[in-house]
Amino acid sequence: MGSSSSSYAPKTIYLDVDGKVQKVGVQFRWKRCTSNIFFLPVYHRYNKEDMFQNVLSQVADQFSRAFRINELKTEVTNRLAMLEKRVELEGLKVVEIEKCKNDLKRLRDEMTSRGGGRVNCPCKYNFDDGKKVTPRRDVPNYPKYTLSQETVEALKKPTFDVWHWEHNEMLSCLEYMYHDLGLVKEFNMNPITLKRWLLAIQDNYRNNPFHNFRHCFCVSQMMYGMINLCNLQVWYMGILMTAAVCHDLDHPGYNNTYQINARTELAVRYNDISPLENHHCAVAFQILSLPECNIFANVDPEAFKQIRQAIITLILATDMARHGEILDSFKQKVDSFDFSIEEHMTCLKMVLIKCCDISNEVRPTEVAEPWVDCLLEEYFMQSDREKSEGLPVAPFMDRDKVTKPTAQIGFIKFVLIPMFETVMKLFPQIEEIMVQPLRDSRDHYEELKQIDDAMTEKKKTENMSLVSAVLSM
């Protein structure tokens with residue numbers, strides 16, 4: 001029988017083999033036989049079904065990779081947009097800060113040009129020109145509030161909420177304290193003079209974020225509470241209360257470090273020695289030198305001299321630069337303390353006014369925490385000014401470095417608790433209502449710091465991951 005053969009044109013197939021694309025040619029030939037026709041492949045790498053499955057698998061894998069890349073691109077785009085927004089907001093803040101700095105500089109330049117010299121930290125009163133504080137000579141007319149029994153009892157406790165009271169109400173509370181402690185009777189004060197004096201005190205506190213009349217009231221109210229707890233003599237009560245009321249008069253909102261570094265009028269006047277505290281004393285006795293405001297007018301001259309010296313000593317003790325010196329002196333006396341020794345009593349009074357001056361953390365958290373915000377605001381105002389004037393900036397005042405927890409933890413642990421625990425040796429009754437709240441406050445801020453640290457670490461990890469993802473694209 002005859003036979004013949006023929007073939008189809010070659011076919012080309014592309015296959016992915018071990019990650020490489022290979023071109024495979026396939027040609028089929030057929031032979032005619034007498035009884036059958038059959039096909040013989042010249043080259044056959046895979047059977048048809050396996051080859052089709054492999055192609056589908058490769059296509060699916062490519063689609064999957066494409067979707068993952070798109071998802072990553074979307075995530076990176078979103079995060080970059082968030083970062084751009086954050087940078088934009090921070091940029092706006094910088095612009096606003098620079099604008100404020102320029103405005104402050106312009107105002108200082110104007111003040112300098114008008115006054116003929118640099119005025120870094122103007123005082124409300126210029127003692128060189130012979131002028132004195134001018135009080136209100138009319139009969140004081142702030143409303144007389146009748147304090148409820150609940151308020152009267154609350155005034156004696158550190159839990160008293162000072163944020164719920166207007167200035168006139170605080171004046172009435174201070175007036176009540178002087179009457180309740182028997183000071184009006186002991187020092188033969190004219191009740192109208194007491195009113196005028198309190199109004200003059202209020203008028204001579206500036207509207208600073210922290211060192212203002214409400215702070216004056218806080219310190220005085222805490223002193224009133226400690227006096228009730230410690231059962232001190234009336235003579236000492238009058239000195240302690242009056243020093244507390246006057247301790248920050250005309251505070252400019254910038255601390256002694258700024259005064260000294262900027263060489264302000266106050267620093268020059270007081271030779272860099274507690275310039276603010278000396279100024280508070282001077283303003284206090286400027287007010288008392290006026291007959292209309294002299295609550296000690298009926299005290300004999302020798303007694304007034306002692307009162308004046310005692311008040312000056314206490315106000316000067318509020319300079320935190322002297323904290324270690326004063327506390328160490330008290331620690332040496334506390335174990336053998338003698339209330340009949342004047343030196344011991346002077347040291348105790350200095351420590352008591354220091355405790356009251358920095359006692360906000362003794363109060364409940366909802367009362368104490370707003371004071372931290374106020375203090376940090378005042379600190380930041382000073383540090384911004386120091387930066388603009390090229391002066392040294394304390395780290396605990398720098399808005400770029402300090403946080404609320406970091407600001408409070410060290411202060412509570414190393415300043416407040418040791419001082420109050422030392423006073424507790426002499427007056428154990430303060431532990432429950434003053435020392436324990438300080439320990440609770442320390443724990444509260446340590447918990448906040450742990451949360452802040454965890455969030456910071458999380459953000460750092462996220463940013464590292466984002467950068468790695470972008471670099472790998």
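Even glycines carry a Cβ here, placed using N, Cα and C.
Here's what TrEMBL has on this protein:
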DOMAIN    135-452  domain 'PDEase'
BINDING   H211, N212, F213, R214, H215, D248, D357, Q408  AMP binding site
ACT_SITE  H211  active site, proton donor
BINDING   H215, H247, D248, D357  Zn(2+) 1 binding site
BINDING   D248  Zn(2+) 2 binding site
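Taking the features listed in TrEMBL, we show where each one sits on the structure.
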residue: H211; record: AMP binding site; CB count, 10 Å: 25
residue: N212; record: AMP binding site; CB count, 10 Å: 20
residue: F213; record: AMP binding site; CB count, 10 Å: 21
residue: R214; record: AMP binding site; CB count, 10 Å: 18
residue: H215; record: AMP binding site; CB count, 10 Å: 22
residue: H247; record: Zn(2+) 1 binding site; CB count, 10 Å: 27
residue: D248; record: AMP binding site; CB count, 10 Å: 26
residue: D357; record: AMP binding site; CB count, 10 Å: 22
residue: Q408; record: AMP binding site; CB count, 10 Å: 25
Zn(2+) 1 site shell beyond H215, H247, D248, D357, criterion: Cβ within 8 Å of Cβ centroid:
H211, C216, V219, A244, H251, T318
Across the domain 'PDEase' (135-452), the model's average pLDDT, rounded to a whole number, is 95
Taking only the CA atoms, the spacing between Q408 (AMP binding site) and H247 (Zn(2+) 1 binding site), expressed in whole angstrom, is 23
